[in-house]
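Novice: Dropping the structure in here first, questions after.
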Amino acid sequence: MQNGTTIGIPPENERVTERAEPVPSDLLPNNSPVNSPTIDPTLSEIKDVAADHNEEPPSKRRKVAGSTPSRRSHSRAASPPWKKAGADGPTSKIVDGKRRSTRVSNVGPVEQPPSDAKPTRSSQKQYVSKAVSSQRNAAVSSPLPMSPSRSGINRRSLAGVAVNGSPSTTAKGSIGRRRRESPSPVSKRASTRTRPDNMDAYHPSNGVTPRSNSTKTRSTRSFQLASSDFREETADDIGNDGQDEHGQRIQRLRIKVKKPALSIQHPSHVLPTRKYGSFKEWLENEGTGPGRMLTMTDALEEAQKRRQVTEAMEPGGLLSSEVCSAFLPEPQEELPQQFSHQDHLVAHALYFKKLLDKEHRAHRQAAKSLAAACAEVWRKRNKDPEDILREQQEEMRGKRKQLAKDLKKMFELARAEIDRVRLARWEEEQKAKDQRALDRAIKQSTMLFEKRRLEILGETGSDAPETTTDDEEVETDNGSENDDEEGESNMSTETEEEDGDDRDDDVGLTAEELRLKYANLPDTNPHPDQSPYSDEDSEDSDDIAADNTPGDTSGGVNRSPPPDSSGQVELDEVDPVLIDDSDESTDMDDDMGDSDDDGYSEAESDDEDGGEPGLLGFFSAKDLSLSNLHQTNSGEGDTHQTGADGDRNEDSSFDESEFGSEDPDEVTLVPTGPTNKDLSTPATVTASAELEPAAMTPSIDQTSTEEPIAIGTETPIETVAEDAAALADTEPVDVDVLDTSTNDSVPPVMSPATNLLKQIERQQHEPYHSRAASSEASPGTVATKPSEPESVSSIEAPAEKHAQPSESPGPGLKTPIPHLLRGTLREYQHFGLDWLAGLYSNHINGILADEMGLGKTIQTIALLAHLAVEHGVWGPHLVVVPTSVILNWEMEFKKWCPGFKIMTYYGNQEERRQKRRGWMDDNSWNVLITSYQLVLQDQQVLKRRSWHYMILDEAHNIKNFRSQRWQALLTFRTRARLLLTGTPLQNNLTELWSLLFFLMPTDGDEAGIEGFADLRNFSEWFRRPVEQILEHGRETMDDEAKQVVTKLHTVLRPYILRRLKADVEKQMPGKYEHVVYCRLSKRQRYLYDGFMSRAQTKETLASGNYLSIINCLMQLRKVCNHPDLFETRPISTSFAMPRSVATEFETSEALVRRRLLYQHPLEKLDLDFLNLVPISREDISRRLADDSARIMAYAPFNTLRERQYHRTNWEMKFNGSTVQSTLEALENDCRKRRMAELERSLYFESKRHGRRPVYGSSLIEFLTADSKQRPTAHGPLRKRSYADWLSSQSSVLASMMMSLEERSQAMDGYIQRFACVTPAAVAAGVTEAALTPISTRHLTNKERFPPHDPFHEAQMRLSIAFPDKRLLQYDCGKLQRLDKLLRDLKAGGHRALIFTQMTKMLDVLEQFLNIHGHRYLRLDGTTKVEQRQILTDRFNNDNRILAFILSSRSGGLGINLTGADTVIFYDLDWNPAMDKQCQDRCHRIGQTRDVHIYRFVSEYTIESNILRKANQKRMLDDVVIQEGEFTTDYFTKLDVRDMIGNDEALKDEASAAMDRVLENRVTNTSRVFEQAEDKEDIDAAKNAQKELEHADDGDFDDRANANASGVTAASASASGAGQTPTQAGTPLPDEAQQSLNANNAEVAEDTADSDPSVGHIDDYLLRFMEWNMKDEPLVLPVDKSMKKSKKGKEHRLRKRRR
């Protein structure tokens, strides 16, 4: 391409990328000599041009005269990437920051000298060929073209420079101009974006790049590097003109070989264009500027011109002000003319002309259109064959294009549909996988719980007669010994099987086996959802029925292979705990000796110890090696024993590699139990053999333990098809092998069903047969694994045991109370100890979740004492508790178990360091008690120890698995773990998962440790009921959600023990909760509404930022608690101005006052002083004037004056020459001053006593007549008028006419109460400016303090207003309500605990209680550990203390405050479990009065929503935890008759209730859901329903056919496996869509095979696309929640990468 047009290249040959093609033979390099005269003129011409343009911009290329190159058969090579399609030279330049065109150059073209030869292309090629051949050894590249990668790199690097430096243009005008200016083929180049197909054909024949302008290029580049990047890039464009991109010129023009130039940062950086283009031009124009040298002639001419100008400026001249127009004033702007009629006429005429022109153009356009239409009609009528053919070709071409577009779109739609189907299939597989995982977890939990239950009910609840004889016992003993010696499994021997054939069929069967045996009776009710384990029951019953067919030789209990074929039959993934029914307290230490087996052989115990407990059924690959431990024949013992030893080795190696071998008692996070089988003693074997008949007696409902089911094998479990919930619980299991550890053999002949109930009743009423007293556990405790009655250290021979008295602790309990424990445990606490001991024996970690106040601490201490007494394990134990209860735990240990050595690990860093001295010694202490904070601080030190038992009190402190506490405590090396919490579920299921995963962690690898499920699976399992409870309440849960909740209970039941006070403590006082709604005060409502109306608040709430929203909600809660927490009531003061307005005029006022009042002292005389104002003395009486004149001392003063006058020397002057003269002069001066004083006193005395009135006051009073009564005047002096004075007195008038002091005292209360409004502003200096200043106040000794100012109180209260103390209460609605409540409680003799979350609110409550004079105590986070226990004891013992104010975060944990019977929650917690913790501080054991709980809630505020949210969380806790019945007496509610024979009654009753409530509503509800849901959701729901209803129809049909026709169970299992996929457990999506059940699917397949009709193209396209995409990985949808927020970055444009 050249300037966007093709030069000799057809359009179909245009390409953007290069295409490598072979070079034609005629274009190969030619090494023939070339004539040098043809080259010399061109070379000289180039040198001249380079010399002329060495320091100036390059000129444009011009056409060489007479150069008419021959047209080549191939196109030119593509232009270099930096060469644009515009003009050759720069098309623009930057001058003063503006872009200017360079097409018009100031420099003219340089004349080229004529050459003899024409510079044709061939001559240039020959010159280049010769130059290259002559310099072959120099730095010249080979003729071969550059590699594409290298050339591409060069193109990219140089292209960037060209784009950034020189803006090129591709306008059509420039293209045409270049065509006219440069028709020479030298300037023709292809565009950078086009590559012809025959690219190699454009290479020169000699194989190298032409170098016709190399000298010019170097000179130009040297100039451009000195100027700027812009000109540098321009030089690159010019210097590389016509170069091939495969040539060497690109490498030689790299900038790195030159000096780097500064980039243009400012327009001034661009060098200005030279004024003169050549030296000749400069010579011609030199001397014409203003600074040139003038000759004499020029100077004379200049002088003459200036003289003429000066003369013309004289008056009368041409340039004078009178003549020149430049001096005339500027003309006035004329007013615009008014739009007249003529203007209207002209405008109308112009508009009319415009209309005419428009009409004319329309006519012409219509004529053209008509002509074109006529021509088209004419052309269609007279078509040539060529035109017809061309039109058909065009039409076909258009159809082909449209067809291609349609096919492309159809393929895209098909691909999208296939992706959607694959994604839906993947989602269903994930759901099925999650469902299978849940089923495994439920199955595992059910089996584990059943095992614990059967350990109790199997020995204490079963009353079957002891049918075995002594011979059989001896035989059993021998069998057990043989098993121990030969390493056989825990199955019965062949001799026992033979003996078992002589017994009755039903006598040796357990209750569960009897129920399974007769499960296929016709009257069975198909509603197994009423029992928590009905799913498993129905499944097992079907399995037994199918396996016990007469023709089945491989199923049932008798299909175990002979001993010689033991290696061929294995069980996959069978957990050892599910097979072993041992109920003894297994020793958890490897070096503590043996464990007793109660009713089972030694091999059984070894099998249990060797395997890991399958926690919640999450099997890993490690369990595959355990499968050979549990077989159904005793002949397989060798193989089993080998597998067990292998597993033990693996476990031990894993422990050592994981944690090292620091402590021999050290184990992994999930303990694996004893690993040495050799620890068993002969005494244990004997005891096991002796107690084995007891285990062989029938027990109740032993589904889980009697029938170990391997998970993950090919045969699915049959379930009842009518129950959707039961179908949801199904999972693929292996039922080929049944455990017969309890019953040695099942006879093929079965007893009638009518004898079943009678036999059960007879067994129930028969007394227990005598066994070893210490080995027997009494009935009563269910759902609790009995621990071993005898400790490991006290094992005795069986003969001795028969002689010992019974040591059974009580009915239903197997764990005796350890003798180390001081005190008596309550019955439920003993059951809790038994449950904890069972957990320890089975290597299971658990949660003791008893309600607060039931003694979890005591049960934990009893457990540790049990370990010390029964197992000899004294520690070390780690107990982590909240800080507030560290000393409480220490006191409880010293009180209940003083035999333990306790270390309370707290204090500062130095104290803790002192406590750690020598603490590695196991004998220094047994139990370490510390807090969660110190565990985090000293975790590195604490992790060095290997802890036997780690106990976490208030375990909800680790409810967040992202917290440091959870992560730090998880990595501690412990043998067992126990969590104590009264609130296992606080906010959501994630917190419950955190606790369970902490107990049963997993390493995340399928081949690693078995642990609990991950968070995603756990959340997916139980998401539906949680959402329904939180959104609509527990009443709106559908059946599926209720079934999911039941499954959750099943999963959690083996690991949680939860008892409520109402269940275990019947004598506990009642608890009553009250919600007190408080109205907001006026100030609270003002602040609340003001904060909500802020724009910032609305923006924050709408932003979605979690922390910002929480901050806003916290501010609102502060307003609800007390407005002072949000905004403190200020001390109201007026705005103090720095100075008043009058103060500014103080100086002027003083100056004016001074000038106005200034006068000479003699100008104005005091006439009054001179007695010249006679009437001014009328205020004195005549008598006083006479007395004053009589005592006048004028004569004595005059005598003294005369004497002093004669003593004074008036002519003496100061003489300081001598001391004597100086003293005399000073004495004389004193006499002069004394003389002046006497003269002044004489003067004043004469004037003072000369004051005489004209009339006198006595005369005036005597002559004045006062007609008004004076009732308040003083009493008369004469007694005779005293009665008249009293009669005229009035007390009312006297009280009304009070003095100023009396009035101020009377109004003092009003001033204190109501003087609160201060002026808006005050200014200093106003008083001085308005009033006359007081000069001096003299205070005598009697007046040390100024007199009382009656206005002082009012002035202070009106100038600064302190808030009234009573406003603390009246500003808050809650405090007003609290005041009334506390008065009522105090009157009734009650005491209260006041909880709040905010520490500042505690300060407000303190002020409130101090105002009202109530006694109180305070406890918050700043209270020291030692002080907390003192405060608790003081409150419980001192009844005078009315209230205890506490922080719910610190005072609500672990302390005992039974002295109070009222709990007041001043504010609500987000977490209702925290409030429950707080209220149970007083509602606990030891409380004798009813407890009332008051919750203060502000109306119409955020607190109402908090209360609603807390109620939702409480409902979730009730559904998940409370209704789970995680108690030890759970199974006592189930009667034996109900579990065995009365299933039908349960199912009927439940089914009737369900039908009455949900018969019609379910259908209608589903239809409503279908109307509201999307089509995809409806289809998915239908598919799931089909799977639930028809997934196992084929299995049931096959098994039914097998029972009828006598086919084997193996064939039935194979057919069933063929119907249901092994891995998914549910039909595939396409199978579910094609058929409703397996039979319909087969019919549909047969019909499809026999139908010869052709399918639709869409189906074929979908199948083809699915086949085509089978190897492509499925692209999962992006999780939008994980995408980073791009808020605020929308304005940033994404840069394109080149």
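Just so you know, glycine gets a Cβ as well, placed from its N, Cα and C.
Source: prediction; values computed, not measured.
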Novice: Ranges 1210-1256, 1586-1632: which does Swiss-Prot label region 'Disordered'?
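Specialist: Range annotated as region 'Disordered' by Swiss-Prot: 1586-1632.
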Novice: Please list, for the domain 'HSA' (329-403), how many residues fall into helix, strand and coil according to DSSP.
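Specialist: Helix/strand/coil tally for the domain 'HSA' (329-403): 60 helix, 0 strand, 15 coil.
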Novice: Can you name every residue in this chain, apart from ASP850, GLU851, MET852, GLY853, LEU854, GLY855, LYS856, THR857, with its Cβ inside 8 Å of the center of the Cβ atoms of the recorded ATP site?
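Specialist: Surrounding the site, in chain order, are GLY982, ASP1480, ARG1484, ILE1485.
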Novice: Should MET852 (ATP binding site) be counted as helix, strand, or coil on the basis of DSSP?
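Specialist: Coil, per DSSP.
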Novice: Among the binding-site residues MET852, LEU854, which residue has its Cβ surrounded by the fewest other Cβ atoms within 10 Å?
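Specialist: Relative to the other binding-site residues in MET852, LEU854, MET852 has the fewest Cβ atoms within 10 Å.
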Novice: Please average pLDDT over the domain 'HSA' (329-403) for the predicted structure.
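Specialist: A mean pLDDT of 90 is what the model gives the domain 'HSA' (329-403).
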Novice: Does THR857 (ATP binding site) have same-chain partners at least 6 apart in sequence with Cβ under 8 Å from its own Cβ, and which are they?
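Specialist: Counting only residues 6 or more apart in sequence, the Cβ neighbours of THR857 (ATP binding site) under 8 Å are TRP889, GLU892, ASP953, LEU980.
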Novice: Mind giving me a neighbour count for GLY853 (ATP binding site)? Other Cβ atoms within 10 Å of its Cβ, every protein chain shown.
Specialist: 21
Novice: Give the number of CB atoms, excluding that of ASP850 (ATP binding site) itself, located within 10 Å of its CB.
Specialist: 24
Novice: If you count the other Cβ atoms within 10 Å of each Cβ, which of the binding-site residues GLY855, LYS856 comes out on top?
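Specialist: For the binding-site residues GLY855, LYS856, the Cβ with the most other Cβ atoms within 10 Å is LYS856.
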Novice: Sort the residues of the motif 'DEAH box' (953-956) into helix, strand and coil with DSSP and give the three counts.
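Specialist: So the counts come to 2 helix, 1 strand, 1 coil.
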Novice: Non-local Cβ contacts of GLU851 (ATP binding site) (under 8 Å, 6 or more apart, same chain)?
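Specialist: In sequence order, GLY982, ARG1058, ARG1059, LEU1060, LYS1061, ASP1480 meet the Cβ cut-off.
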